[in-house]
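Feature annotations, reproduced from Swiss-Prot:
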type	residues	note
BINDING	Thr152, Ser153, Asn292, Thr293, Tyr294, Gly295, Pro296, Thr297, Asp383, Tyr394, Asn395, Gly396, Arg397, Lys492	ATP binding site
BINDING	Asp197, Val301, Lys492	D-alanine binding site
Amino acid sequence: MKLLEQIEKWAIETPDQTAFVWRDAKITYKQLKEDSDALAHWISSEYPDDRSPIMVYGHMQPEMIINFLGCVKAGHAYIPVDLSIPADRVQRIAENSGAKLLLSGTEVTVTDLPVRIVSEDNLKDIFFTHKGKTPNPEHAVKGDENFYIIYTSGSTGNPKGVQITYNCLVSFTKWAVEDFNLQTGQVFLNQAPFSFDLSVMDIYPSLVTGGTLWAIDKDMIARPKDLFASLEQSDIQVWTSTPSFAEMCLMEASFSESMLPNMKTFLFCGEVLPNEVARKLIERFPKATIMNTYGPTEATVAVTGIHVTEEVLDQYKSLPVGYCKSDCRLLIMKEDGTIAPDGEKGEIVIVGPSVSVGYLGSPELTEKAFTMIDGERAYKTGDAGYVENGLLFYNGRLDFQIKLHGYRMELEEIEHHLRACSYVEGAVIVPIKKGEKYDYLLAVVVPGEHSFEKEFKLTSAIKKELNERLPNYMIPRKFMYQSSIPMTPNGKVDRKKLLSEVTA
């Protein structure tokens with residue numbers, strides 16, 4: 001598959017087909033090609049000998065998609081940066097990535113960034129003045145060059161830039177289109193922010209098949225009336241989201257085939273799909289196919305998939321996450337470094353062309369997590385699991401990295417920032433489960449000296465500081481204050497004891 005050429009052919013075959021819709025804004029395939037070509041031409045003329053990644057700032061604006069393609073046509077990887085990411089984190093991404101340019105389809109509220117900022121008005125001028133000009137196709141990202149870089153949580157307090165190459169993305173997109181039986185011209189739900197790699201599961205399968213991306217933003221999600229009004233207008237056929245989002249939608253009785261009569265495929269990734277959620281979806285959308293998938297950001301969105309049927313639900317108390325895509329393979333590694341036999345639990349290791357080339361500017365972290373096996377890149381996921389008859393079962397994290405509401409995070413990073421807050425002497429993050437999956441984060445805090453009369457005021461002050469350093473989804477929901485943190489005999493935090501205390 002020639003990814004960019006496949007997207008561009010729709011500008012010729014169906015130029016007026018809508019490529020992306022967000023609220024009242026939309027772009028056609030013709031506009032997508034013209035504006036991304038114009039942008040790529042401008043980037044190449046401004047930075048002829050430079051291939052540093054480019055930050056793309058915004059939320060769900062159509063310009064985000066134009067900017068992504070403009071970057072890669074000019075030979076630059078893009079870094080999606082959502083509006084919700086705190087200024088301090090944006091600053092660290094800019095410094096780590098070596099980016100020299102930031103493209104924005106909205107107002108940039110972050111100050112003192114070490115990059116050149118191209119505003120929304122600047123972009124409009126570029127689209128106009130460079131209209132009709134085409135970039136040199138030889139300059140476009142290709143092969144093992146980075147296509148995008150997504151920053152994930154890092155245990156040192158610094159985000160890690162996962163480098164996904166053109167070949168990685170082609171491997172994923174080709175597999176998704178074929179294995180999920182995606183058809184030409186379908187409407188795809190775009191629910192995940194672009195800085196979250198779940199969004200890749202809808203963006204590129206939609207664009208290469210001439211589909212329409214129907215974006216819903218965080219403000220819509222916070223107002224169910226607006227959300228369901230948008231869904232009723234959408235005629236979505238391919239649903240891509242975390243299971244948690246679908247579970248929330250299922251609380252609305254009208255969320256069914258009557259609301260979305262042409263629903264064909266549900267694609268889930270990012271967290272465990274509970275059996276009860278899958279059963280309700282089968283009841284409400286009897287004609288739709290439900291796919292459960294698995295994969296870390298470091299392996300390009302997902303590498304396994306399974307069609308969830310009533311028979312599968314009856315057979316397994318906890319759903320398997322699927323069979324591996326044909327060009328990759330899974331190894332289950334025991335602690336001694338040997339391969340575990342069928343049915344035995346160990347660390348999931350992914351091998352093949354979906355695997356990232358590593359973390360940008362972090363050779364030590366890359367060496368720790370990535371390796372070569374039989375001449376192919378391999379990623380040690382840190383996830384526990386086992387394989388039976390080719391079917392992968394996921395058993396949670398081996399370390400303190402978790403997925404909460406679809407977002408992957410390292411508890412050590414949150415603890416790092418929490419301990420740096422005023423009024424905090426010590427802290428441990430305890431993830432609290434509800435059934436099979438994590439429900440929220442609890443911060444167990446040893447407070448420092450303070451003058452607050454009430455605990456809730458202390459909590460508000462700590463949360464205010466955390467909001468300056470971490471995304472909202474990494475802020476603990478509840479706080480508990482103790483005089484000390486329990487320790488094990490070998491001097492480590494006794495997390496098991498803490499968990500038993502807080503859940504007693």
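We number each residue from 1, going along the chain as drawn.
Just so you know, glycine gets a Cβ as well, placed from its N, Cα and C.
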Cα-Cα distance linking Tyr294 (ATP binding site) and Val301 (D-alanine binding site), given in Å to the nearest integer: 8
Same-chain residues at least 6 apart in sequence whose Cβ lies under 8 Å from Thr152 (ATP binding site): Pro159, Lys160, Val162, Thr297, Arg408
Asp197 (D-alanine binding site) and Asn395 (ATP binding site), distance between Cα atoms, whole Å: 21
Those binding-site residues listed as Asp197, Asp383, and which of them has the most Cβ atoms within 10 Å of its own Cβ: Asp197
Neighbour count (Cβ, 10 Å) for Asn395 (ATP binding site): 13
Cα separation, Asp197 (D-alanine binding site) to Arg397 (ATP binding site) (Å, whole number): 19
Asn292 (ATP binding site): tally of other CB atoms within 10 A of its CB: 24
By Cα-Cα distance, the member of binding-site residues Asn292, Tyr294, Pro296, Asp383 nearest Asp197 (D-alanine binding site): Pro296
Under 8 Å by Cβ from Pro296 (ATP binding site), counting only residues of that chain that are 6 or more apart: Ile350, Tyr379, Thr381, Asp383, Arg408
Around the Cβ of Val301 (D-alanine binding site), the count of other Cβ atoms that are within 10 Å: 29
Count of other CB atoms lying within 10 Å of the CB belonging to Arg397 (ATP binding site): 18
